[in-house]
Amino acid sequence: MADKGLEDVPEGQIESNYDETVDSFDEMNLKSELLRGIYAYGFERPSAIQQRAIMPVIKGHDVIAQAQSGTGKTATFSISVLQKIDTNVKQCQALILAPTRELAQQIQKVVVAIGDFMNIECHACIGGTSVRDDMKALQDGPQVVVGTPGRVHDMIQRRFLKTDGMKMFVLDEADEMLSRGFTEQIYDIFQLLPQSTQVVLLSATMPQDVLEVTTKFMRDPVRILVKKDELTLEGIKQFYIAVEKEEWKLDTLSDLYETVTITQAVIFCNTRRKVDWLTDKLTARDFTVSAMHGDMDQAQRDLIMKEFRSGSSRVLIATDLLARGIDVQQVSLVINYDLPANRENYIHRIGRGGRFGRKGVAINFVTADDVRMMREIEQFYSTQIEEMPMNVADLI
């Protein structure tokens, strides 16, 4: 009966059944070396989801949290995992699954950074890397393993990733993982875990396939919904530039380059082909840009992200696949060369620019065909996208 509520909630939203909040990290009874790591990482106070979800996870409940990127969800489960593992035991105690390699690596970085003062090992188990390296790393018994479903499933099947000591199983962006066709592997992984494993599931949307996972594999879960209005479109100035024809976007972008000094920017296009085309065109006009999309191999993508993070490349042109995996603190400007094909991706793209109160600017190139989509986005996020003012340079 408990899950009845899940079925009839409007627009794929879950209904919260838990509303206790703890509004400072100090009050969460965390290990002192973990608390030190949290503050050293730069967190000052918990975000909305952290205030609600960390405690029930630490207390051992199964938890479903509905939240988008940019809400601090990665740190929510990273902190909870680090609090719960026994650093003296050299075996995998927490398994975290993510839909893309980039996101898995980003999660690994957060776990390692927050766990900096604890004696923990966290291994990223992802496709596109050497299987032999994975086997070796897993034999050392890292307490936390984060990975993509395909490779994790493979390592469990080959008995290199042992599941008998696992206490926690975290599924991040569950909607994305299931929509990418990982359902079978995820179900298999569930079957191979100890019965007592605690399950934490995070998802921006709650379609039927995600709800099925929650009913099949979770016990009386705590449900937490972080509403859209708590997301980080706050502090992000959103503008549009009306572009009469698609062909004129390139000149518009060049003009924009002349007007503003860009510290770091991400430009989103809707297709891989367009990313390559735009990169060539801008390079031909002597702009320094780097590009990234799903056709590239892992080593290339890693190198490009590294250059972008370090600031040696300033402008990154990317597709939506990477909107969820790019977390660069200095991004001051996001340009939607193409408006996203679905409104949910809008927040994944621009919610980066001003994460956790950092200010950012988003500029949308809008042709006559895009006006309807822009209105939909405004309505969906209860936000206003204004025409770009002349003095935009002062805002970035």
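Glycine is no exception: its Cβ is also placed from the backbone N, Cα and C atoms.
The annotation motif 'Q motif' is assigned in Swiss-Prot to 23-51. The domain 'Helicase ATP-binding' annotation in Swiss-Prot covers 54-224, and the record cites sequence analysis as its basis. What Swiss-Prot lists as ATP binding site is ALA67, GLN68, SER69, GLY70, THR71, GLY72, LYS73, THR74. Summarising the annotation, Swiss-Prot assigns motif 'DEAD box' to 172-175. Look at Swiss-Prot and you will find 235-396 tagged as domain 'Helicase C-terminal'.
Every protein chain shown contributes to the tally, and the Cβ of THR74 (ATP binding site) ends up with 21 other Cβ atoms within 10 Å. Other C-beta atoms found within 10 angstroms of the C-beta of LYS73 (ATP binding site) number 23, with every protein chain shown included. Compared over the binding-site residues GLN68, THR71, the count of CB atoms lying within 10 A of a residue's CB peaks at THR71.
Within 10 Å of the Cβ of ALA67 (ATP binding site) there are 24 other Cβ atoms, across all protein chains. Every protein chain shown contributes to the tally, and the Cβ of GLY72 (ATP binding site) ends up with 22 other Cβ atoms within 10 Å. DSSP gives THR74 (ATP binding site) a helix state. Under the three-state DSSP scheme, ALA67 (ATP binding site) falls in the coil class.
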